[in-house]
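Asks: One structure, pasted below without further comment.
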Amino acid sequence: MGATRRCMVILGVLFALFLSSTSAQSCSKYNFASNKVFSACSDLPYLNSYLHWTYSPSSQSLEIAFRRLGTSSSRWVSWAINPTSQGMVGSQALVAFQKSDGTMRAYTSPIKSYQTGLQEGDLSFPVSDLSATYSNNEMIVYATLKLQNSSSTLNQVWQEGPLSNDSPGMHPTTGPNVQSMGTLNLLSGESKTPAGASSSKLKAKNASPLIIHGVLNAVSLGILIPLGAIIARYVKEFPLADPAWFYLHVTCQLSAFILGVAGFGAGRRLGSQSPGITYAVHRGLGISLFTLALVQVSALLIRPKKDHKWRSYWNCYHYLVGYGILGISIANISKGLDILSPKKKWKRAYIGILVTLASLALLLEVIIWFLKRSKRSAGADKWSHGTNGTNGLNGYGERKPETV
């Protein structure tokens, strides 16, 4: 009973840690007055600004909302894409400000030099649904862009400055105003400044959770769970390995469970801090794995004894859930690698691990098959020679005749 209580306490602590890891705040908590919903967001590192966006790779359509907090009605704001390089010159800008009569003006302006007056003009790509709002010292620019570049990474610049007679004036040339530029990956959500300070909801604050999530789950789901299954399936067939195989199996699977819960918690935190970056399949498989693993480990507490009438049913359930976890694990690790798009060597390493484990399982399968066949052959030979505990009697209890 003491061991059961300890297991329950461990499960409770792990579950509490998992729940606590999902409580992080993020820019997705912002609710637009227009009820607009965007699939991604990023806290830009300078000028108290935020970018929300929805990107469609197939149509190269980018819907954005650029927000700047703490601004007054006597300031202008701008967000721009530079298709050719990082920096101000060459940027294709969206500009917005509130005019003296209280109405909002939003327009496009190509930046051709540092002496620009932000004159209105067409950009190098189509822009539609351009508008702006100002309320409670917050200015927001909305637009839909039709990108011409097939790359999902773009150079962005954002800026603010004073107004003079309803015309944009020169912005400050020191401090944050000359640092407000960088790159943005529309798919991963990574946003970097030239100095290397990342404002990405996926990378800057979440580099550690991302690494922890990937490494822990790769080890637990990709190595320990398959290894534990191999031990339970094959090693127990060797008489000398009993009961060592059982303890090895439990050690592998419990270690995988603990590491997996930690990795799952890191993944949940990663998702809560980058809410716009949603991978429904990967997340769904992860939640399924966590649920099945929790049920599988909890079922150990009610495992019937070997001679119990329900033991065969428990074994059937244990096998089905275990192999289900194994299959989903392989699928979800592959999905995670597709999402991260790491260097090819990492994918090759994972494939190499799978091939190694599969080869080991196949080798053991062949060895076990030959051992069982040898045992059956030995049993048949003993029976045919009347030495199977019958003292030379045939199957009818009669002594076999002497052979000449």
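Backbone N, Cα and C atoms are what each Cβ position is placed from, and that goes for glycine too.
Pulled these features from TrEMBL for this protein:
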- His213, His249, His282, His318: heme b binding site (BINDING)
- 175-373: domain 'Cytochrome b561' (DOMAIN)
- 1-24: signal peptide (SIGNAL)
- 210-232: transmembrane segment (TRANSMEM)
- 244-264: transmembrane segment (TRANSMEM)
- 284-302: transmembrane segment (TRANSMEM)
- 314-334: transmembrane segment (TRANSMEM)
- 349-371: transmembrane segment (TRANSMEM)
Asks: Looking at the transmembrane segment (314-334) and the transmembrane segment (244-264), are there 3+ C-beta pairs under 8 A, with each pair at least 6 apart in sequence?
Replies: no
Asks: Across all the protein chains here, work out how many other Cβ atoms are within 10 Å of the Cβ of His213 (heme b binding site).
Replies: 24
Asks: Count the other Cβ atoms sitting within 10 Å of the Cβ of His318 (heme b binding site), across every protein chain shown.
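Replies: Excluding its own Cβ, His318 (heme b binding site) sees 15 Cβ atoms within 10 Å.
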Asks: Looking only at residues six or more beyond either end of the transmembrane segment (349-371), which have a C-beta under 8 A from one in the stretch?
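Replies: Those are 218, 222-223, 226-227, 230, 233-235, 237, 330, 333-334, 337, in sequence order.
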